[in-house]
């Protein structure tokens, strides 16, 4: 889960990472009030989960509260690379002597953690890596040893930070590591990390990505979810622990196992070419347990999409046998009742497939069409969606 800058700074404050005071608002009047409260010039910053805010006019310096009001009026509603600005961070402006870069991230290729540090802060790190690779240090981090002050100082040295800031930078770097580990993050980035004229080290901008798989350890992380920007069907699926991604199509997809569901998307897209360009409407993996409750929840989510014209249920029975899946489908249709109002094409294969097919045949539900092969089922689902 990617965080907004203001949320990242809330975690900075929690872990004692020094930054500038500020608050978030969604109105221009709120921006003026915050600037008045701070009592110094401020930065008015668009809160979007995308880079390039400054170039798009989403970050402005305000010398007075009235300036903050004017800038906020101009920034709210601004479209930055497809992201509409709905919130602003109004933070105290800081004098800057130098700008640096520091981040911790997962190095998936080498199965370790990585610290990245550079004296060339305030610019895109990809640009630094491309044009000045010798100025960007990439330091592997042993998770068992962590990042103490001595190692943090070494990271700063390798990033070519000046000698006079090494001790202060080391303290901040070690705290950023504590945040990275303590919050189960996959990325913690500060760009720029600045030195002020009086030699303070401040994190002026922050980016944090949290590992959603660790949410069970962090019930407070639910506060960071941007529910207003999340598709309501995806929210409903998450409540039932279903892996759902909405797509722009007409054939709802329900399957067990990510690989099978991905293959189902492909065969439906291929079949749809013969039926007016019909496409998959979603990715939905119900996992290994296709109980009646899970199947009902999955159907409820898929049928809640007004674009869906038909549903393709594609299940390979393994640990969960096909008869259990078939029973789940029948009971799910009973649970949903009139809400289940679109045709279902069902393909079963694998463990106890004959019994599963018998259960669906005996149920004789008017919405259910049982098809033996994946290709035939995809074609039938596409045909029904195009009707």
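Residue numbering: from 1, along the chain as shown.
A Cβ is built for glycine as well, from the same backbone N, Cα and C atoms used for every other residue.
Among the candidates 256, 282, 364, the one that Swiss-Prot lists alongside 318, 319, 320 as binding substrate is 256. The 10 Å shell around the Cβ of residue 54 (ATP binding site) contains 13 further Cβ atoms across the protein chains shown. In the three-state DSSP scheme, residue 54 (ATP binding site) falls into the coil class. For the pair formed by residue 53 (ATP binding site) and residue 256 (substrate binding site), distance between Cα atoms is given as 40 Å, rounded to the nearest Å.
Counting only the Cα atoms, the space from residue 94 (ATP binding site) to residue 256 (substrate binding site) is about 53 angstrom. Take the CB of residue 191 (Mg(2+) binding site) and look out to 10 A: across all protein chains shown you find 24 other CB atoms.
The binding-site residues recorded for this entry are 205, 318, 319, 320, and the Cα of 205 lies nearest to that of residue 54 (ATP binding site). Nearest Cα neighbour of residue 45 (ATP binding site) among the listed binding-site residues (205, 318, 319): 205.
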